[in-house]
């Protein structure tokens, strides 16, 4: 109480001496290169906008949403906040985000890759990203060579054949697996957004309000994936325990292939002590439909940004998502730019590591989550019911579709 | 009015006691009632925009399979964990009491897990229990038993998590019992031996009844601990918390997920109120049932 009063007095004194300065607060979770990048960006922004001061505050990832949940209602939180796009609908519904002015909608259509459409919730734009991510296949070139494989698989048939060659089982226990099965890693996206589409289905209706994956192609895709564990035995979940165990197992040289996001590039570059490569995701058959899951962290505006703070926050938002910032971000953080124009740069699409990710940005779709935590769980559980409990895939997928439809209905009612 | 020295001292005592009391009231009791209020509203960041929904959240609880699962699991953890922890704790304390050589060393060994951070414990155990690389399965295979999935099996995960928690709490439990055992006067045993008492009968008629205060305290504290289980559950299956297939989900974890990952703080408050009521009732019943007056 006393401390609060002291701060109030202090801030009003400061307010008196810098009457024209507007101070806004930016929040993101702690990630060294991102925090450093934003510090530098703030320096540049403040130099261009002498009347505005930006304060960056960061929190550990695991405490981040908790801090936001408590701070904004208390009026102590950020004006501009960084969030995973999948959280946005939940945040909007609970009043943690306010829509951006109308002209931002046209900007999203004009400048950003198509997955960024996910920032629109009920016709309004709630934020924009600096960078985006997609998925690709990481493969261990050394293990491939030892198994007599020449290059990365292009179709799922080739993928299965390669994975089988890369799997080593002794007794009842695997010592090496072909594919890093991770239902709770990226694989729930792989099933929902990639395999369902590749097999000719659609995961959701156009407006995102109806679950459509309970269909013939959807079931085919789901069964195909769960067979990797049940029938083909090319891997097991949690082969390496812990957070992102599939990635750890890959970096330890015990997993031949993983599907992971562009956000994993830095970690793998530092952790893998062998030669590895990245390839665009396999397709159902040569020339078949390509699909990918795109996602991003966006910057949104909170209800705390009012009056002159709102103007300042919008300026900062525009600066954070400008092409110039995106270029700097790619260089400094290694995340792919969100701008349509920037990803056309042939220097990027020909890069052996970034290339496959860049190429898939053109067709990657971001799942229209309304309650990401709950929806993620629905698909993870659907997979686990089959691979851990031996449930019939059709039954498990039906249960998932029903559960998820309930979540969608609850949100949109 | 003049106060006597005793009165003045008492007054000062109350003044000093008032500070922690005020702290307790403001930071513990007040939020409890606040949660009760919160559970009647649809959550919104702007307090003025919170919609009153009455008992809707409590009705939703009745048909929420995840809540039911979390509730059942929480009871299972408590029913498995508390007796195991007490039984093992007492057994080890009785053995340690007899140890004469390297006494402090053994006590330190048993206490070590308790002072290790729960997160570290969980991560080490998740490796030890790994079906493919874990030490535990290595041993099972050596003695000719099939490897077990442990944390990855929807049926084995809950007992496995319970085991890790029991293992970690054991040190504290042992220390409690040791202190209880040391406080029983030697003379009682000596007198009983003169009357021909031995072994089990000494335990049954002297040790057990005189340990009652420690026992009651242990039961109550351990029960509350298991009813609030969170950290180990989160860290033993970090990417599918409460999984696989909700088999390890607890009420505390469900509250956390609802409130801070799904921003449904009103509904989360309703679950909190239920958990609070449960702990309160169970503790009252335990104090009634287990507390015994001892007459020798």
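Using N, Cα and C of the backbone, Cβ positions are placed for all residues, glycine too.
Since we're looking at a predicted model, the values are computed, not measured.
TrEMBL lists B:12-30 (among others) with the feature transmembrane segment.
Taken from TrEMBL, the feature domain 'ABC transmembrane type-1' covers B:71-286.
When Cβ-Cβ distances below 8 Å are used as the criterion, the transmembrane segment (B:75-96) is approached by residues 103, 106-107, 110, 158-159, 161-163, 165-166, 169-170, 173-174, 176-178, 180-181, 211, 215, 218-219, 222-223, 226-227, 229, 250 of the same chain, each at least six residues removed from its ends. According to TrEMBL, the feature transmembrane segment maps to B:75-96 (among others).
Within the chain, the transmembrane segment (B:108-128) has long-range Cβ neighbours (under 8 A, six or more residues past its boundaries) at 92, 96, 134-136, 151, 164, 167-172, 174-175, 231-232, 234-237. Feature annotation from TrEMBL assigns transmembrane segment to B:108-128 (among others).
As annotated by TrEMBL, transmembrane segment applies to B:161-181 (among others).
The transmembrane segment feature in TrEMBL is assigned to B:210-229 (among others).
Residues 32, 35-36, 38-43, 50, 53, 57-58, 60-61, 67, 71, 216, 219-220, 223-224, 227-228, 251-252, 254-256, 258-259 of the same chain lie 6+ residues outside the transmembrane segment (B:265-287) yet bring a C-beta within less than 8 angstroms of a C-beta in it. Feature annotation from TrEMBL assigns transmembrane segment to B:265-287 (among others).
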Chain residues outside the transmembrane segment (B:161-181) and at least six past its termini with a C-beta under 8 angstroms from it: 76-77, 80-81, 84-86, 88-90, 92-94, 96-97, 107, 110-116, 118, 121-122, 125, 151, 207, 210-211, 213-215, 217-218, 222, 225-226, 229, 232-233, 236, 248
Surrounding residues of the transmembrane segment (B:210-229) on its own chain - C-beta under 8 Å, 6+ positions past either end: 74, 77-78, 81-82, 85-86, 89-90, 165, 169, 173, 176-177, 179-181, 183-184, 188, 250-253, 275, 278-279, 282-283, 286-287, 290-292, 294
